[in-house]
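**Student:** Structure in structure tokens, see below.
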Amino acid sequence: MELPNYSRQLLQQLYTLCKEQQFCDCTISIGTIYFRAHKLVLAAASLLFKTLLDNTDTISIDASVVSPEEFALLLEMMYTGKLPVGKHNFSKIISLADSLQMFDVAVSCKNLLTSLVNCSVQGQVVRDVSAPSSETFRKEPEKPQVEILSSEGAGEPHSSPELAATPGGPVKAETEEAAHSVSQEMSVNSPTAQESQRNAETPAETPTTAEACSPSPAVQTFSEAKKTSTEPGCERKHYQLNFLLENEGVFSDALMVTQDVLKKLEMCSEIKGPQKEMIVKCFEGEGGHSAFQRILGKVREESLDVQTVVSLLRLYQYSNPAVKTALLDRKPEDVDTVQPKGSTEEGKTLSVLLLEHKEDLIQCVTQLRPIMESLETAKEEFLTGTEKRVILNCCEGRTPKETIENLLHRMTEEKTLTAEGLVKLLQAVKTTFPNLGLLLEKLQKSATLPSTTVQPSPDDYGTELLRRYHENLSEIFTDNQILLKMISHMTSLAPGEREVMEKLVKRDSGSGGFNSLISAVLEKQTLSATAIWQLLLVVQETKTCPLDLLMEEIRREPGADAFFRAVTTPEHATLETILRHNQLILEAIQQKIEYKLFTSEEEHLAETVKEILSIPSETASPEASLRAVLSRAMEKSVPAIEICHLLCSVHKSFPGLQPVMQELAYIGVLTKEDGEKETWKVSNKFHLEANNKEDEKAAKEDSQPGEQNDQGETGSLPGQQEKEASASPDPAKKSFICKACDKSFHFYCRLKVHMKRCRVAKSKQVQCKECSETKDSKKELDKHQLEAHGAGGEPDAPKKKKKRLPVTCDLCGREFAHASGMQYHKLTEHFDEKPFSCEECGAKFAANSTLKNHLRLHTGDRPFMCKHCLMTFTQASALAYHTKKKHSEGKMYACQYCDAVFAQSIELSRHVRTHTGDKPYVCRDCGKGFRQANGLSIHLHTFHNIEDPYDCKKCRMSFPTLQDHRKHIHEVHSKEYHPCPTCGKIFSAPSMLERHVVTHVGGKPFSCGICNKAYQQLSGLWYHNRTHHPDVFAAQNHRSSKFSSLQCSSCDKTFPNTIEHKKHIKAEHADMKFHECDQCKELFPTPALLQVHVKCQHSGSQPFRCLYCAATFRFPGALQHHVTTEHFKQSETTFPCELCGELFTSQAQLDSHLESEHPKVMSTETQAAASQMAQVIQTPEPVAPTEQVITLEETQLAGSQVFVTLPDSQASQASSELVAVTVEDLLDGTVTLICGEAK
């Protein structure tokens, strides 16, 4: 029992469940959109999904690869096998299916597309013919007969006159040609038809009689074409007309809009003169199908060329896909040649026949002497000079078999020899080889068309291509700004060409900049065609415009591959030409060496060139020879331009090189000297391209980051190597010239790179400055100086950098390569400090560089550009990742289990989990594990409705709420984490928690190690260091301080650092005394600072002791934090010593401490204060010395306190009073401060 279409019904039910998100066991995320589906369906449709879903339930796809809308289409196709109704980019869907390894979907779509395109031209077409109208009879009364020819081999007879159609009825024509051509009714009982049927070898079903009716033009044309002479031209015209008739519906639909046709026709430069006027007349009446019928009538009358109509249709091939398909299906063998049935040789080109009979030619030609003699004795018009040179090069030093193979290769691949020229040569020597004459006669009878002619020069060929594809290219290039951007990125353009192109594009204010460039090539001839094609290749490479389809079609043109090779790799074309003449060049070089006409440098280069061109005769093919020459030239570091310079020098004394020079000039490498007919030089354009290529390659090899300082290796340059160029092409730029070989460069860095490789500089002898001994090279001189004098030849060479030791975070022990990295780590991980904020959106950042990266999101600035593909990025890290990922630059991370390579180590870690099965991210609710955190997030979002999960960094578990997360840390990781009891914030170190808790009790945990100033926030301490200790702050942070000024306390002058400050003190204030540390000799302006320094740095212990317990601390800020958190409540008041930071519970204890511990300091500071300003509190009468400290109520000390000294002008200054005053007393008027100048 078989259930019909049960599989389709099952898939439909699965698709219904998928849309309802029932029984779905996997999730596909694209950006923020999630698709639920069934693993089995995805795995069956895609090999990629099958591999990924084997180990996971969640797949994340980048939205740049496939958009959610496109993936929805693909998903529907997987379940239903149908593409939903609507507008879709079908080729994009095929490409996406291919990239996702949905090969069945991609192949099915491609097959469907192919069948849709070919359905109109495949199989036998059967048409119903209808009776002609009376108008037709009136128009063509002079054509009374109908002529019908049956196709040969159309089938055996199976009809009789009784089966013929009645007058006026439709007739089915079963022959293929008739089916494509006949469009009018043929009446029965025609004697002519009966005669044709009797004479045909295989008669078809035709009418037997015909009344006096006129045939259609199609019938007449078809009849004439089938029964006329066997000339190839007539048969070719018939087949070209047949092509137009086959696609009549497609072409007439494309030409439906008359105004559009006339506009395109006006722009088309390929259709000119009478042909253009003829087409315009055809569109004067009714357009559309009627206009195309009028065009077909003109073609039948031979007043309009078929190729002109095809050129008109080509203008629509990119706006009308049906026209493009029809033109692409127009095969050359069906259009240009006619091969009758029963023949295997006739109809093939002469070049194809020569290739097919290569073995016969090798057997016929047994010696080369007759060929050489015929070339020497032949008349000048026998063959062209180029063809003679090609034949001579193929014959020199080779066997007859190798010569025939090379001649055929020159004819088919390089297009430097025509088939007709080769046949002429063989005809001239056929008397010497008897069998050769019979073979040539047979081939010439079979051949129908001449083969391709000699390839024109690259510029001429490029001009012809531009003329042919001008309109298509103009439709693509409509943005002048893109053109200007691409022109600026072209490196192989000469400066003059670049300026001309930019000027032409900028002159056109609209979108016709490309038309201006084409006009400069085709009409004004102020620009070379190769420059335009170089621009097009750059545009295609950068994917700036949709140029791929058109370039693919252009590359199918005959000779296009050789042209584009010459445009993109002129050096290969140059070496290929030199290789063809290698024997002649070697002879010329050897002759000049024997006559000793070379300089020492030229002789060295000549020997190298001889070695490069000495290819053994047993080399398999010309391609292998070229590869060998390229390999040797690269190995010897001899570019093609140096060989060309050598040939220009050799040619002056060896005129026999003239054919080589002409051929090199033919491809644009050489040009004649001004005013000299037979003197050659390397063209400026080729010179520029060679320089750019060499410099880019050298700079790429030498550009290792961090290995050179800013000044570079100037020691390798003998003296100052640059000077102004007198004839620089751009007066605004300098030209740096090598003193050894006079080669000029626009950039100094390129000159430095060149100097390392300059052969002339290396060949010159250099003298040792120490002992006047001469050496052949700089390298030998360096070796001599090192051995004889114990010093290197480059005294200014940069010293090797010391290895930088890593720095360690004192809170968590993590190591960093640089101190700046550790500082950023502390700010973000430990202190949660973000001092830099965005003015646009208020976002805060820990580093200024991070803020700058963020600001580019608002400004849209993308300053980092990829040198390979010109993509731009907002961050340098994004560019670095891109160059690693897309262009394989820099360190890559390889998988030890497979061949996969990744740009970042984290990517490798994620990938390795696919091999090991490790799933470190575990869902707390259901226990499901995931290899990536993203997979866990999607799982929580999809299955548990948890928007933002909280992950534990210790055990990778996830929690839905912050409370659950904190509870987990208290229970499981209490020893590892330290939560704040007040706010619940968690810290990874006890010291971090202590500093944080102070913020709740009003303490100041961040204290200055120099002056003991304490702050509640780290940012306050930073600001204090910047303003009060700028030199120390700059030294600690390895960068110049923002507030780099140190003020003199005596004269208010400011200084950038302590050294300058000390110099100033010694010079201007010599009487001022500094306090020096006995152990480290450091100077301090006040004794209090010295005392704090000794306690903190040299005591070796923790000098600050708690008064209430046995705890000791190294810094006063830590003591203050301890006292405020352990011994006092937040409302209680402490009395800190401003000099040493010690804390006291009462003012009396503080005063006692000041008298016992800091009497000298108090005395010194009292004198300094009295010399500048008197600060007094007026009292009714002096008090006894034992009552100098005024004690106030504790309620009055609840606020901040100010300590004031009271100098006694009448008594000794040592008996000055110390008064503690609260801010409340100053505000409510209880105490009044009277300040005045000291007398």
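Placed from the backbone N, Cα and C atoms, the Cβ positions cover glycine too.
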**Student:** Check the candidates Ser703, Ser888, Ser1041, Ser1131 against Swiss-Prot and report the one noted as phosphoserine.
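**Tutor:** Swiss-Prot annotates phosphoserine at Ser703; the rest carry no such entry.
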**Student:** Out of Ser160, Ser190, Ser621, Ser728, which one does Swiss-Prot list as phosphoserine?
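**Tutor:** Of Ser160, Ser190, Ser621, Ser728, Swiss-Prot lists Ser190 as: phosphoserine.
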**Student:** Between 367-390, 391-414, 1135-1158, I'd like to know which one Swiss-Prot lists as zinc finger.
**Tutor:** 1135-1158
**Student:** Between 297-320, 921-944, 1185-1208, 1209-1232, I'd like to know which one Swiss-Prot lists as zinc finger.
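**Tutor:** From Swiss-Prot, the annotated zinc finger range turns out to be 921-944.
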**Student:** Look up zinc finger in Swiss-Prot and report which of 230-253, 590-613, 662-685, 950-973 it refers to.
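**Tutor:** In Swiss-Prot, residues 950-973 carry the label zinc finger.
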**Student:** What residue among Lys87, Lys1053, Lys1066 has an entry for SUMO2 cross-link in Swiss-Prot?
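**Tutor:** In Swiss-Prot, Lys1066 carries the SUMO2 cross-link label; others show none in the record.
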**Student:** May I ask which residues of the same chain, at least 6 positions away in sequence, place their Cβ under 8 angstroms from the Cβ of Lys1066 (SUMO2 cross-link)?
**Tutor:** none
**Student:** Tell me, what is the mean pLDDT of the domain 'BTB' (24-87)?
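**Tutor:** It averages 86.
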**Student:** Could you give me the DSSP helix, strand and coil counts for the domain 'BTB' (24-87)?
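**Tutor:** Going by DSSP assignments, the domain 'BTB' (24-87) contains 26 helix, 14 strand, 24 coil.
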**Student:** State the three-class DSSP label for Lys1066 (SUMO2 cross-link), counting H, G and I as helix, E and B as strand, and everything else as coil.
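**Tutor:** SS state of Lys1066 (SUMO2 cross-link) = helix.
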